[in-house]
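Enquirer: If you look up Swiss-Prot, you'll see Leu116, Gly120, His121, Leu122, Glu240, Ser348, Pro349, Phe350 marked as (6S)-5,6,7,8-tetrahydrofolate binding site. Per Swiss-Prot, the feature site 'Plays an important role in substrate specificity' maps to His223. Annotation comment: Swiss-Prot describes Lys224 as N6-(pyridoxal phosphate)lysine.
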Amino acid sequence: MSLESFDKDIYSLVNKELERQCDHLEMIASENFTYPDVMEVMGSVLTNKYAEGYPSKRYYGGCEFVDEIEQIAIDRCKKLFGCEFANVQPNSGSQANQGVYGAFLKPGDKILGMDLSHGGHLTHGSKVSSSGKNYESFFYGVELDGRINYNKVEEIANITKPKMIVCGASAYAREIDFKKFREIADSVGAYLFADVAHIAGLVVAGEHNNPFPHCHVVSSTTHKTLRGPRGGIIMTNDEEFAKKINSSIFPGIQGGPLMHVIAGKAVGFKHNLSDEWKVYAKQVKTNAKKLGEVLINRGYDLVSGGTDNHLVLVSFLNKEFSGKDADIALGNAGITVNKNTVPGETRSPFITSGIRVGSPALTARGMKESEFELIANRIADVLDDIDNSSKQEKIKAELKELAHQFIIYDKAMF
């Protein structure tokens, strides 16, 4: 029996979500459109198989084929990032980070990460996260120019003496200097951990410098700029570290891995290894730069004054309206973004003084500079007259027509 026949409620909602994704312009920087073949393998019989352990070292029988699948995913991941060891089992980026901490740290150890309000991530030591509850966390941020001051990071590291320094961000538009971070880590005897969840797709295409060989350990998600399934990975060049990481993931924080998702990761990695991927990643950066240029020309402030990657962070510290106001208004105009804190934040995390806008998903739909120029101008049109609902409706209709020129899925399930 088909899903449509058996469960009309879920079938209907899934297809409404397809309609939303097709009609709206998805510009949340952490979201992307994965490949139909990734979704196809995730809907396969692999979802039935338990496979606790690792390839050739399982606690269940009948794993001969999933062993091969996981090994393919591991090998492709290592080739992508140019590393020696990879764990492809983490169910998410947050669990990957939890696995890293479990492998390298003891409860109460000190970590130094990027402040959440300056572009960091919850799992980099925020007090509301287990990373901030289990470990003593300290933070670095950005200067008034919106950029990391590595001399200031070094000063903080020398004062706090962390056991681990975390580099990487969820809302930082500039390139990260992993080499400089390693110099700082070495100066205080700390491990260097890079969370490249947001920039991984650029890294593997050569559009952002690689955390290897500078970092002791690297984590990432497999969605976002990699366009694979939702999940996490951990990588290192050190065999002893790899053993600790494996134990930290299983049996440390996870049981049986999601083999259908690991297969999806393998398929996604094959896309990432292609020549077409390099073209895509380059276009992601080009589109983000065009987006930023237009917004600046329209009078909007970008944190750091531009972008080196896939996102721009727009600050409304000098505006009467908030990030939440902008999020809602743009949503009414058919543009999906997210409210975001900015350096110098004066509002609560539920209101914020900025928005984060990304290019990966629309680039996946085939849009280029001309489309991004148009969209950026429409974003500015909405923000210039933020309470004008009739203008928002008019722009929504215009952008729906644009979206329908770049349909990425013709059905909701594969």
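Using the three backbone atoms N, Cα and C, a Cβ is placed for every residue, glycine included.
A quick note: this is a predicted structure, and the numbers were derived from the prediction, not measured.
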Enquirer: Within a 10 Å radius around the Cβ, which one of these binding-site residues has the most neighbouring Cβ atoms: Leu116, Leu122?
Expert: Leu116
Enquirer: For His121 ((6S)-5,6,7,8-tetrahydrofolate binding site), name the DSSP secondary structure in the helix/strand/coil scheme.
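Expert: SS state of His121 ((6S)-5,6,7,8-tetrahydrofolate binding site) = coil.
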Enquirer: Between the Cα atoms of Pro349 ((6S)-5,6,7,8-tetrahydrofolate binding site) and His223 (site 'Plays an important role in substrate specificity'), what distance do you get, rounded to the nearest Å?
Expert: 24
Enquirer: Spatially, which candidate from the binding-site residues Leu116, His121, Glu240, Ser348 is nearest to His223 (site 'Plays an important role in substrate specificity'), comparing Cα atoms?
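Expert: Result: the closest of the binding-site residues to His223 (site 'Plays an important role in substrate specificity') is His121.
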Enquirer: What Cα-Cα separation, expressed in whole Å, is found between the residue listed as 'N6-(pyridoxal phosphate)lysine' and Glu240 ((6S)-5,6,7,8-tetrahydrofolate binding site)?
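Expert: Just about 29 Å between their Cα atoms.
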Enquirer: For Phe350 ((6S)-5,6,7,8-tetrahydrofolate binding site), which residues in the same chain are close in space, meaning a Cβ under 8 Å from its Cβ, but six or more apart along the sequence?
Expert: Lys324
Enquirer: Given that the record lists Leu116, Gly120, His121, Leu122, Glu240, Ser348, Pro349, Phe350 as binding (6S)-5,6,7,8-tetrahydrofolate, what is the largest C-alpha to C-alpha distance among them, in Å?
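Expert: That value is 43 Å for the farthest Cα pair.
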Enquirer: How many other Cβ atoms are found within 10 Å of the Cβ atom of the residue listed as 'N6-(pyridoxal phosphate)lysine', counting all protein chains shown?
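Expert: The residue listed as 'N6-(pyridoxal phosphate)lysine': 26 neighbouring Cβ atoms within 10 Å.
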